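Novice: One structure coming up, written as structure tokens, with questions to follow.
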Amino acid sequence: MSNFLEKLNVPDDVRKLSRPELEQAAGELRSFIIRSVSKTGGHLSSNLGTVELTLALHYVFNTPHDRIIWDVGHQSYPHKILTGRREGMAHLRQEGGISGFPKRSESEYDAFGTAHSSTSISAALGMAVASRNLQIERQHIAVIGDGSMTAGMAYEALNNAGVTPGINLLVILNDNDMSISPPVGALNKYLARLLSGTLYQEARSVGKAVLGQFPAPVMEMARKVKGHAKGILGSATWFEEFGFNYVGPIDGHDLDALVPTLQNLRQMGGLQFLHVVTKKGQGYKLAEADPILYHGPGKFDPEVGIQKPSKPGKQTFTQVFGHWLCDMASQDEKLVGITPAMREGSGMVEFEKRFPARYFDVGIAEQHSVTFAAGIACEGLKPVLAIYSTFLQRGYDQLIHDVALQNLDVTFALDRAGLVGADGATHAGNYDIAFLRCIPNMVVAVPSDENEARLLLNTCYHYKGPASVRYPRGAGVGASVSDTLDPVTLGKGLVRREGTRLAILAFGPLLHAALPVAEKLNATLVDMRFVKPIDAELIKQLAASHEVFVTLEEGSVMGGAGSAVAEFMSAFGLCKPILQLGLPDRFIDHGDQAALLKSVGLDSDGIEAAIHARFKSVLNIT
Ligand SMILES: Cc1ncc(C[n+]2csc(CCOP(=O)(O)OP(=O)(O)O)c2C)c(N)n1
Ligand SMILES: CC(=O)[C@@H](O)[C@H](O)COP(=O)(O)O
Ligand SMILES: [Mg+2]
């Protein structure tokens, strides 16, 4: 790293830079990010796109007094580096290291914790209202991407803001014409029209002339000239109809456009909407050429870029799902596949290629995706909604009210169930068992390996009603996957090992961590396969022949699968001691997936230790 970037430890240092130095800082910041992310892994393309914008924001605004909220926050690395965390980047997303997202507990410059998209305008509006009521003079800035702008929540916030008097709220739309995948929807077409051809050129030059040359006090005049520009451009933009003053589009990599524009917007205050155009991956040719590949890479050599592994690794659960989806779609033409903006992450690239008319990327719109699936199911097609466990949280009411209450035939493929590792607490899928199993009509299936995932997908797909299959990020034990499309018996578990006295009921892949423990303790080990319907007969039989029970799941203990077993036993008067093992009642930060599981006692040693601690005297084990 050059000495220059080392001098920029806090935004006050940035504010002292001359304009040429600001340019130099941008170059060095970008190189630093490429080198740093190549060593740790993390989000790359989006961060390369926000280098100049971040510098300009900290240069113009008085942070941390003024509030900047980074929507999603996967583009906040330049902000982290300029706010005292340059060295922390060496341990980005690692246990004990800094988070990959803004976090209030990490820095006073992180005004709001983000990671799930499209919250920034609501949060900034809330802060702006608080500042107004507390009579604090402050600026509130929401930086939101074009992908994140596809979520309903962003419009709920604009709608509210548009009639909120006396506040300073600047919304910056960072338009790079990309989500993780190519952007979708009518909004994208609208933004493309705003930017197209002469329209963009005219707007840029008029914007620059107006906003760059006039001193702040002449802003009223600027508004008039801009009004004239609107006349040239045709009708007012959509954002103006919401009550915002729309400025732009401007080039988000041009500090000469950004700095004066932001300075003027700061002077003007009120409801401002700035449209900046950036390039995802800017300044790193490989990422510019393939921003999807470089959206969230692991470690790589920046000189050669991401390389395909020389030999294929184990198949991930996501890949198992992707193959299953194509196979089932070939057999059943009623199948349609839906993703809320996670085509790559959910393993649907091949499905889109082969079945384009049956593939729906609805944008970052989880709530809509659930009700959209409900509507499709009403008409007799068979929707499969592939969604990360953590993002289904957004669609909970839709799941209850629109799908389950009407007992509609929707299959939910829940990826990233359990701890996800580097993304941390915001993305962990720890709650789905608890929040799904309490919904009437719902099936909750928990495959223990890759082949089980296929079998349970078959089963849930054939079930006439709402059904979910949850599987974790990454690979399982490497079980070979059959090509069957046949279901297994709903609500029936599999006894994997017969033992005595102690019965271990495993819900999901932790079954494999329990195997050596069961061997050692001569315990019965069951792959329960389903949390709901639970295998009542099997539990009754085991209760008759065993003294104590252990339940095991990679989900919150509170309300989880173990609770389902305890409730069942209680309802049937089966009084057996139960040790419920799962995720504790606290948020678990980022780190290595396996290490995190170990840290909460969900590896073989931890499971054995917990059994000893609880049942040593009962079982007389040493
Ligand atoms: C509620 C929610 N759904 C999905 C995601 C996954 N996700 C993270 S970034 C992203 C794309 C965001 O696009 P945009 O806001 O344009 O930012 P860019 O990646 O282009 O910088 C998606 C879908 C998320 N973080 N939150
Ligand atoms: C920021 C965000 O929400 C996504 O980019 C997410 O980090 C992807 O996670 P996976 O790597 O598990 O697909
Ligand atoms: Mg984008």
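Numbers run from 1 along the shown chain.
Including glycine, each Cβ sits where the backbone N, Cα and C put it.
Since this is a predicted model, take the numbers as computed values, not measurements.
Residues annotated as thiamine diphosphate binding site in TrEMBL: His74, Ala115, His116, Ser117, Gly147, Ser148, Asn176, Tyr284, Glu366. Marked as Mg(2+) binding site by TrEMBL: Asp146, Asn176. Here TrEMBL flags 315-479 as domain 'Transketolase-like pyrimidine-binding'.
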Novice: Rounded to a whole angstrom, what is the C-alpha distance between Glu366 (thiamine diphosphate binding site) and Asp146 (Mg(2+) binding site)?
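Specialist: Answer for this pair: 16 Å between alpha carbons.
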Novice: If we check Cα distances from Asp146 (Mg(2+) binding site), which of the binding-site residues His74, His116, Asn176 wins as closest?
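Specialist: The smallest Cα gap between Asp146 (Mg(2+) binding site) and any of the binding-site residues is with Asn176.
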Novice: Of the binding-site residues His74, His116, Asp146, Gly147, Glu366, which ones put their CB under 6 Å from ligand 3?
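Specialist: By the Cβ criterion, which requires under 6 Å to ligand 3, the hits are Asp146, Gly147.
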Novice: Which has the fewest other Cβ atoms within 10 Å: His74, His116, the binding-site residues listed?
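Specialist: Each of the binding-site residues His74, His116 was scored; lowest Cβ tally within 10 Å is His116.
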Novice: For the binding-site residues Asp146, Glu366, which Cβ has the most other Cβ atoms within 10 Å, all shown protein chains included?
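Specialist: Counting Cβ neighbours within 10 Å, the top one is Glu366.
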Novice: Counting only residues 6+ apart in the same chain, whose Cβ is under 8 Å from the Cβ of Gly147 (thiamine diphosphate binding site)?
Specialist: Ser117, Met178, Ser179, Ile180, Pro183, Ala341, Gly363, Ile364
Novice: Provide the number of Cβ atoms within 10 Å of the Cβ of Asn176 (thiamine diphosphate binding site), excluding the reference atom itself.
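Specialist: Counting Cβ neighbours of Asn176 (thiamine diphosphate binding site) within 10 Å gives 23.
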Novice: The domain 'Transketolase-like pyrimidine-binding' (315-479): mean pLDDT?
Specialist: 98
